[in-house]
Amino acid sequence: MLALQGDFREHVAVLRSLGADVITVRCPEEVATISGLVIPGGESSVMDKLARSFGVADALKERIAGGLPVYGTCAGLIMLADRIVDGIRGQQSFGGLDVAVRRNAFGAQTESFEADLDVPVLGEPPMHAVFIRAPVVAELGAKATALATLEDGTVVAVEQGDLIGTSFHPEMTADYRFHQYFLDKVAARSSSL
Ligand SMILES: NC(=O)CC[C@H](N)C(=O)O
């Protein structure tokens, strides 16, 4: 669990409730020991600055490029995107997902909303999704696949191999199917190594 900033405590609780062995990651030595990573929601520009100053950004870029399974929610999706539209000056991401994301795509905090999403890989029922100053996938590159869209077609969940990103916050509802989907990827990859 990347624990530089944001709502990482909530994710840790969810992952532990699903039986995962979780550590918090703040330094390169910890990055070396993990078999999967969740990047929480928060503020991506701050997470980026902290990741670079704590020296974990390069270590994470290398692990992600090497196939580490990662699940990013909200600001975490921004950190996983290869391209950021409307980032603050000089804002960087770890990259990995062949997408461009637009930050704060729905406007200010007051424009936060909830929606029920069909997510075919998770089956029924639809996922109740909470969007808080959420980003969206503005461009889906050829290597990435959409997992869920809003009614107007806006992509809000995406997958590329063992990388998953969602614009919304499943750790804030009682529906942990995305976390389980991620843990299944971690288990499958660990057993294939
Ligand atoms: N809830 C969130 O993670 C919001 C993301 C935030 N707006 C950002 O740009 O990083």
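Any Cβ shown, glycine's included, is placed from N, Cα and C.
According to TrEMBL, the L-glutamine binding site annotation covers GLY42, GLU43, SER44, ARG103, ILE132, ARG133.
The DSSP secondary structure for CYS74 (active site, nucleophile) is coil. The active site, nucleophile annotation in TrEMBL covers CYS74.
Around the Cβ of HIS169 (active site, charge relay system), the number of neighbouring Cβ atoms within 10 Å comes to 23. According to TrEMBL, the feature active site, charge relay system maps to HIS169 (among others).
Residues or ranges marked as active site, charge relay system by TrEMBL: GLU171 (among others). According to its DSSP assignment, GLU171 (active site, charge relay system) is helical.
Only GLY42, GLU43, in sequence order, out of the recorded positions GLY42, GLU43, GLU171 have a CB under 6 Å from ligand 1. Largest CA to CA distance in the L-glutamine binding set (GLY42, GLU43, SER44, ARG103, ILE132, ARG133): 13 Å, whole number. Within 10 Å of SER44 (L-glutamine binding site), as judged by C-alpha distances, the active-site residues found are CYS74; the full candidate list was CYS74, HIS169, GLU171.
For the recorded site, SER44 (L-glutamine binding site), the DSSP three-state label reads helix.
Sorted by the number of other CB atoms within 10 A, the recorded positions GLU43, GLU171 start with GLU43, the lowest. Rounded to a whole number, the distance between the Cα atoms of GLU171 (active site, charge relay system) and GLU43 (L-glutamine binding site) is 16 Å.
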